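Features of the protein shown, as given by TrEMBL:
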ACT_SITE  Asp62  active site, proton donor/acceptor
BINDING   His9, Lys13, Thr35, Gly36, Thr37, Thr38, Ser56, Gly57, His89  substrate binding site
DOMAIN    1-154  domain 'MGS-like'
Amino acid sequence: MKAIGMIAHDRLKQALCAWVARNVAHFQGRTIIATGTTARLLTAENPSLTIMGLKSGPLGGDQQMGAMIADAEISALFFFQDPMTAQPHDVDVKALIRLATVYDIPVACNESTANYLISSPYFAQPALAPPNVTIEQRYGDYLSRTIQTQLKQP
């Protein structure tokens with residue numbers, strides 16, 4: 001079974017930890033991959049869960065999570081974002097959300113969407129979900145495009 005990704009901006013880390021604690025049964029027996037401080041806080045609040053920590057988001061953790069999405073190691077991403085605070089690594093956040101979109105990974109950016117995601121029968125039983133369209137099927141035209149160069153041969 002693939003891991004679950006979790007990230008929270010500083011002002012929402014406690015909210016994510018509290019939400020996970022209220023919904024701990026949904027995460028039992030699953031591996032949670034979280035960025036640095038979020039992983040540490042989640043582990044302290046939910047010691048019964050299996051949580052693996054990456055680097056802090058601004059230090060590369062968001063990009064590590066993106067690589068795991070691209071490698072099909074993450075099945076869903078819970079990313080509690082703070083829309084009212086500028087983030088020094090905003091470009092990394094944008095790239096992460098883009099990769100989740102490219103690889104068709106569901107993303108919950110707040111508690112409401114997180115509640116919807118965990119209440120889906122597909123979350124509890126991923127085998128029930130319809131098969132994902134492959135990257136080749138979804139982006140075949142892009143992958144097989146021909147690029148013309150302007151370089152002249154001597």
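Cβ atoms here come from the backbone N, Cα and C positions, even for glycine.
Just so you know, TrEMBL annotations never went through curation; they're auto-generated.
Not measured: the values here are computed from a predicted model.
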Spatial neighbours, same chain, of Thr37 (substrate binding site) - Cβ under 8 Å, 6+ residues apart: Asp10, Lys13, Ser56
For the binding-site residues Thr35, Ser56, the one whose C-beta sees the most other C-beta atoms within 10 angstroms: Thr35
Where Thr35 (substrate binding site) sits in the secondary structure, as DSSP reduces it to three classes: coil
Neighbourhood of His89 (substrate binding site), C-beta criterion under 8 angstroms, separation at least six: Gly57, Pro58, Asp62
Other CB atoms, at most 10 A from the CB of His9 (substrate binding site): 20
Residues His9, Lys13, Thr35, Gly36, Thr37, Thr38, Ser56, Gly57, His89 [recorded substrate binders]: greatest CA to CA distance in Å: 16
Averaged pLDDT score, the domain 'MGS-like' (1-154): 93
